[in-house]
Amino acid sequence: MTENIHKHRILILDFGSQYTQLVARRVRELGVYCELWAWDVTEAQIRDFNPSGIILSGGPESTTEENSPRAPQYVFEAGVPVFGVCYGMQTMAMQLGGHVEASNEREFGYAQVEVVNDSALVRGIEDALTADGKPLLDVWMSHGDKVTAIPSDFVTVASTESCPFAIMANEEKRFYGVQFHPEVTHTRQGMHMLERFVRDICQCEALWTPAKIIDDAVARIREQVGDDKVILGLSGGVDSSVTAMLLHRAIGKNLTCVFVDNGLLRLNEAEQVLDMFGDHFGLNIVHVPAEDRFLSALAGENDPEAKRKIIGRVFVEVFDEEALKLEDVKWLAQGTIYPDVIESAASATGKAHVIKSHHNVGGLPKEMKMGLVEPLKELFKDEVRKIGLELGLPYDMLYRHPFPGPGLGVRVLGEVKKEYCDLLRRADAIFIEELRKADLYDKVSQAFTVFLPVRSVGVMGDGRKYDWVVSLRAVETIDFMTAHWAHLPYDFLGRVSNRIINEVNGISRVVYDISGKPPATIEWE
């Protein structure tokens, strides 16, 4: 019998902050399971979830507006600790008898708060001391409204000159509110505060660890599918790879992985996937060479969105054909992760989230009645990677830069041709190889090469040549919602350019993309 790793859990109510998923990831990093729900949950849903504590997230709305979101009143009647962050603090204050006003001064960015009263939330936590020995905390503010009167049974714990109630607390009820964001790294002691709330005040044990998550997932897979056969579309990406390893551990040869080689992968990627999962780990893999089929479907198409749809449609067709060849397969496995689940819930309820969903296998033939196995659906991407390491997958594969689902189909601008893909593969491999050699690969968030369908004149020896252009792209980002172009050293860029032009016959010019996001997107298409 595996340990119940969901026994202690935190409920996070989402009021729309761009940082809400980060709050959830921080709680998970503390070894405690949590779920992220929309703010308007019912009392019955909260009771059913049975949280050890509740966090109210930040949000973009103003609590002073008539129809702005409010926490369900049951949150404050459930008898569990409650932690309000930014907007969450403001709605807590208003709902419990305090007062919030729109402020003339927006407070955004770094601030230093002074701790004026003792509280379990910040006891012994400090970044510096005032002249008279009071603790100071470096925090990250992002708010327009501010609490101007706290509920009568609360005390002021910390303040700034412009924010008299930066932290408030009712120690008896274990209710806490902070006007800053403890989840961001700019709040230097933020993790300590979250740990104090989750581990000490809510008394949650650290049961949510990679090894225990694996044991739990394996037990659940076995319980769900029994001795039935399962099919999985293996792409070689992080999510499908970790899904494959979990399923293989749980059901062994009852798993069949279908690897569709669409001709749009990175250099030698198909061989690497087959070697690692087939030869090294011993998984049962069906290899489908489908390059010609994908390229013929893409012939003549220049529109990026149309190309994405064609690649998705052909993949589903190929996968379906392979699935129909297999006998007695009862289950389809997918590498759905928790942000995909959140996105689906947001779409269903009409509530906006900032996550761009990725799509897995998609439709199956109507004649195939299969159940769905999604062993990663409770996990964030960083958790999936940690589990992959625990399962023996190589670090370089798990922590590689993101690669788009349509692959080189959206990195070859305009029409996709085999010649263009082959040139791009080789150029991109040189760029990535040089980044690794210069110890720059892990210092940028994403790096890749783009094929431009334009010819440029060049000189080789005594002759002129008229060949293709590629652009190098490297960005630095925390959340991929915004990004800065990476300031790579000029001598490094020169070395990459020289290698590509000299070693890849057919490319005569290399440029470097210095566009940020916004206004540009990270990918060109």
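Glycine too: its Cβ is placed from the backbone N, Cα and C atoms.
In the predicted model, residues of the domain 'Glutamine amidotransferase type-1' (9-207) average a pLDDT of 94. Annotation comment: Swiss-Prot describes 9-207 as domain 'Glutamine amidotransferase type-1'.
Around the Cβ of C86 (active site, nucleophile), the same chain contributes S17, S57, G58, G59, S142, H143, V178, Q179, F180, H181, each under 8 angstroms and 6 or more positions distant in sequence. The annotation active site, nucleophile is assigned in Swiss-Prot to C86.
In the three-state DSSP scheme, H181 (active site) is classed as coil. Sequence annotations record features per position, and here Swiss-Prot assigns active site to H181 (among others) based on sequence analysis.
According to Swiss-Prot, the feature active site maps to E183 (among others). Long-range neighbours of E183 (active site) (same chain, six or more residues apart, CB within less than 8 Å of its CB): Y19, L22, V23, R26, V85, G190, L194.
Taken from Swiss-Prot, the feature domain 'GMPS ATP-PPase' covers 208-400.
The ATP binding site annotation in Swiss-Prot covers S235, G236, G237, V238, D239, S240, S241 and rests on sequence analysis. Taking the Cβ of S235 (ATP binding site) as centre and 10 Å as the limit, one finds 25 other Cβ atoms among all the protein chains shown.
Residues L234, V242, T243, A244, G335 surround the recorded ATP site, their Cβ atoms falling within 8 Å of the Cβ centroid of S235, G236, G237, V238, D239, S240, S241, which are themselves excluded.
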